[in-house]
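Worksheet: one structure, shown below.
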Amino acid sequence: MMKIIIFLIVSSLVLIGVKTDNGYLLDKYTGCKVWCVINNESCNSECKIRRGNYGYCYFWKLACYCEGAPKSELWHYETNKCNGRM
């Protein structure tokens, strides 16, 4: 019985790890990255609202970077629909 419980815990942790990722937050309205200048608090709040662990403003890219968020909440180069809009 104890082995089954341990197996279930480990399996659930693996599944949680597979469904989350790190990356730039996606503005679903524009298809662009969520932009910022130096406001880590804003990015962290937005990241947590989207079920991420921690977010910050990546200064060189002027975009909010989020760790541990679901992949559906993140911007991906392959599916970029921004076309230079803000």
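The backbone N, Cα and C atoms fix where each Cβ goes, glycine too.
If you look up Swiss-Prot, you'll see 1-20 marked as signal peptide.
Remark: secondary structure over the domain 'LCN-type CS-alpha/beta' (21-83) totals 16 helix, 22 strand, 25 coil, with classes taken from DSSP. The domain 'LCN-type CS-alpha/beta' feature in Swiss-Prot is assigned to 21-83.
Taken from Swiss-Prot, the feature disulfide bond applies to Cys32-Cys82 (among others), supported by similarity to another entry.
Residues annotated as disulfide bond in Swiss-Prot: Cys36-Cys57 (among others). Of all Cβ atoms in the shown protein chains, 21 besides its own fall within 10 Å of the Cβ of Cys36 (disulfide bond).
Annotation comment: Swiss-Prot describes Cys43-Cys64 (among others) as disulfide bond. Over all protein chains present, the Cβ of Cys43 (disulfide bond) has 25 other Cβ atoms lying within 10 Å.
The feature disulfide bond is assigned by Swiss-Prot to Cys47-Cys66 (among others). Every protein chain considered, the tally of other Cβ atoms within 10 Å of the Cβ of Cys66 (disulfide bond) stands at 30.
Counting every protein chain shown, the number of other Cβ atoms lying within 10 Å of the Cβ of Lys48 (site 'Located on the interface between the toxin and the human BK channel') is 15. Summarising the annotation, Swiss-Prot assigns site 'Located on the interface between the toxin and the human BK channel' to Lys48 (among others) and lists a curator's inference as the type of evidence.
Sequence annotations record features per position, and here Swiss-Prot assigns site 'Located on the interface between the toxin and the human BK channel' to Arg50 (among others) based on a curator's inference. Of all Cβ atoms in the protein chains displayed, 19 besides its own lie within 10 Å of the Cβ of Arg50 (site 'Located on the interface between the toxin and the human BK channel').
There are 14 other Cβ atoms within 10 Å of the Cβ belonging to Arg51 (site 'Located on the interface between the toxin and the human BK channel'). Residues or ranges marked as site 'Located on the interface between the toxin and the human BK channel' by Swiss-Prot: Arg51 (among others).
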CB contacts under 8 angstroms to Cys57 (disulfide bond), restricted to the same chain and 6+ apart in sequence, sorted by sequence, are Cys36, Val37, Ile38, Asn39, Asn40, Ser42, Cys43, Ala63, Cys64, Tyr65
Students should find that the Cα atoms of Lys48 (site 'Located on the interface between the toxin and the human BK channel') and Cys82 (disulfide bond) sit apart, in Å rounded to an integer, by 23
